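Please read the structure below before turning to the comments.
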Amino acid sequence: MKVGINGFGRIGRQVFRILHSRGVEVALINDLTDNKTLAHLLKYDSIYHRFPGEVAYDDQYLYVDGKAIRATAVKDPKEIPWAEAGVGVVIESTGVFTDADKAKAHLEGGAKKVIITAPAKGEDITIVMGVNHEAYDPSRHHIISNASCTTNSLAPVMKVLEEAFGVEKALMTTVHSYTNDQRLLDLPHKDLRRARAAAINIIPTTTGAAKATALVLPSLKGRFDGMALRVPTATGSISDITALLKREVTAEEVNAALKAAAEGPLKGILAYTEDEIVLQDIVMDPHSSIVDAKLTKALGNMVKVFAWYDNEWGYANRVADLVELVLRKGV
């Protein structure tokens with residue numbers, strides 16, 4: 001079963017890099033941009049640097065390490081020739097078709113499963129790898145959301161806190177690199193703060209990541225919320241979680257639980273470090289969440305935990321993991 005990508009932007013390209021490195025065949029890429037530009041942006045990346053292979057193109061194909069990948073520019077998802085290309089799993093990474101009613105058009109085009117690389121509406125299931133991936137049922141789940149990068153950073157930490165100590169309620173702030181949903185210079189935007197120049201401001205804004213965590217950890221429903229501060233960095237973010245627990249704890253107890261999870265059931269998803277790191281140290285880190293143990297604080301039953309994440313590369317790795325899970329379980 002082959003994979004297709006709709007939307008070859010920041011996430012689509014990084015997911016492609018990872019799938020290519022894992023030997024997963026991407027048979028078709030659909031994007032409204034011309035092939036010359038798609039090939040150039042795959043070959044050269046301001047954050048992740050040169051693609052580790054050969055990239056070429058013509059009017060109909062991209063060529064990666066000599067392998068031809070069909071490239072189309074179709075606006076209507078149901079008209080994309082997924083079936084013709086042998087694509088069973090579509091990665092929907094345009095950011096446009098996040099409503100299941102729109103995303104299911106890929107199924108009409110011949111795909112069997114759609115993985116949305118964003119929080120979705122009306123999806124069959126939201127999956128955060130390492131947290132609730134075992135709930136995936138190929139007979140029932142066809143439109144799948146991989147949640148957001150921030151939900152993927154929060155959920156593993158909250159899972160540990162909830163299971164080890166119990167969470168009464170919690171708030172979070174993600175200090176998050178700017179994204180395409182901001183303005184380079186002051187320009188109109190429906191969010192007046194996001195309308196301001198991204199590269200010179202700290203921009204308070206909303207995030208649904210905390211509430212969305214309850215989709216994969218239902219016990220937290222109504223007890224976890226938060227906000228975002230967008231900052232002038234190109235990738236890399238850090239979640240600041242403050243939780244009231246069901247018993248008093250020490251920072252050492254909390255760190256021990258997080259470290260045990262990182263070395264055990266959440267290995268590869270959650271990382272743990274006692275090094276005094278900064279943002280550039282976690283760029284291109286494949287984990288969903290990297291606990292910065294020296295920043296953990298406890299006061300009675302209140303605890304503060306900081307977790308870094310590369311909001312592009314870490315998230316793209318989880319999309320790739322989810323693709324492999326779907327392929328492994330069958331469509």
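Cβ coordinates come from backbone N, Cα and C, glycine included.
Since this is a predicted model, take the numbers as computed values, not measurements.
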Candidates Thr179, Thr242, the one Swiss-Prot lists with Ser148, Cys149, Thr150, Arg194, Thr207, Gly208, Arg230 as binding D-glyceraldehyde 3-phosphate: Thr179
Co-listed NAD(+)-binding residue [Swiss-Prot; alongside Arg10, Ile11, Asp31, Lys75, Thr117, Asn311] among Asn180, Asn255: Asn180
Structural state of Cys149 (D-glyceraldehyde 3-phosphate binding site), classified by DSSP into three states: helix
Alpha-carbon spacing, Asn311 (NAD(+) binding site) to Cys149 (D-glyceraldehyde 3-phosphate binding site), which is rounded to whole Å: 5
Neighbourhood of Lys75 (NAD(+) binding site) by C-beta distance under 8 A, where only residues 6 or more apart in the same chain count: Leu32
Packing count at Thr179 (D-glyceraldehyde 3-phosphate binding site) (other Cβ atoms within 10 Å of its Cβ): 17
